[in-house]
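According to Swiss-Prot:
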- Asp136: active site, proton acceptor (ACT_SITE)
- Ile23, Gly24, Ser25, Gly26, Ser27, Phe28, Gly29, Asp30, Ile31, Lys46: ATP binding site (BINDING)
- 17-285: domain 'Protein kinase' (DOMAIN)
- Ala2: N-acetylalanine (MOD_RES)
- Ser4: phosphoserine (MOD_RES)
- Lys8: N6-acetyllysine (MOD_RES)
Amino acid sequence: MASSSGSKAEFIVGGKYKLVRKIGSGSFGDIYLAINITNGEEVAVKLESQKARHPQLLYESKLYKILQGGVGIPHIRWYGQEKDYNVLVMDLLGPSLEDLFNFCSRRFTMKTVLMLADQMISRIEYVHTKNFIHRDIKPDNFLMGIGRHCNKLFLIDFGLAKKYRDNRTRQHIPYREDKNLTGTARYASINAHLGIEQSRRDDMESLGYVLMYFNRTSLPWQGLKAATKKQKYEKISEKKMSTPVEVLCKGFPAEFAMYLNYCRGLRFEEAPDYMYLRQLFRILFRTLNHQYDYTFDWTMLKQKAAQQAASSSGQGQQAQTPTGF
């Protein structure tokens, strides 16, 4: 990293985490690889300028604390202020599903999609049990772990998450119809496009679009051109509403259309039947005679890349293996 002013050269946060290099961007801040100088352990650090117009890292850190201990939720090491930044130190994770999709030439086998679907449904269900909805379900926000957690899927980036019911009374937030679209238009639910307050059903519908994105390589409402962001969102919304689920899922097992139709049929306050949705895909998985052995498409590719690297003096591996946050 250059030592010009404004760089993070010799930037130590929380007294012991030394920033190494930028590895990504979240919804509201940059993410850095850092090293714990007391034991050499690598961690991830999310930085947000204290001058940010809509600071949300403190909010996100509180959310992670509420979610701590859940499977596939990164562990928070430290939150505080350093120089002009709000700082969140957390577990270092592996590549996102978007990174891995690109690494696999934007093709996932049905086996990989179904193994992912199982973990993704469980991650979202856990967040919902803690009285929050994520509101930005997309491939970029699901990351694989590293080391002994390399087959475990993690859900990250809770900057847009919202409490949908009271912890004590279990009172659900009220239905509203004047909301701006929160999240990523490509994966947004139809109701989110229509300005309806989001609830559990919307996270689940978004996941349905993510799964079909992996199946199809792209969604019919991708690549639409428009003069303004607002017009683009309008076009995406129109295309989404005019594409029947059966057309979207044509050529793929009926379970994907069943999943989406189920999610779209949920009422605003209704709890999704997560087990039913997992079972849809688990039974399909068994019908297709797959083994749940955590051998994903990238597992094979990485092994091949590692073998090639080993035979060519061991230099090429990093270039071929997705890294980063």
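In case you wondered, yes, glycine gets a Cβ from its N, Cα and C as well.
Mapped onto this structure are the features recorded in Swiss-Prot.
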residue: Ile23; record: ATP binding site; DSSP class: strand
residue: Gly29; record: ATP binding site; DSSP class: strand
residue: Asp136; record: active site, proton acceptor; DSSP class: coil
How big is the gap, in Å, between the Cα of Ile23 (ATP binding site) and that of Asp136 (active site, proton acceptor), rounded to a whole number?
-> 20
Same-chain residues at least 6 apart in sequence with Cβ under 8 Å of the Cβ of Gly29 (ATP binding site), in sequence order, are Lys46, Leu47, Glu48, Ser49, Ala52, Leu57
Would you mind reading off the Cα separation of Asp136 (active site, proton acceptor) from Ile31 (ATP binding site), to the nearest angstrom?
-> 18
Counting Cβ atoms within 10 Å of each Cβ, the densest environment among the binding-site residues Ile23, Ile31 belongs to Ile31
What number of additional C-beta atoms lies within 10 angstroms of the C-beta atom of Ser25 (ATP binding site)?
-> 12
Hey, what's the Cβ neighbour count for Asp136 (active site, proton acceptor) at 10 Å?
-> 21
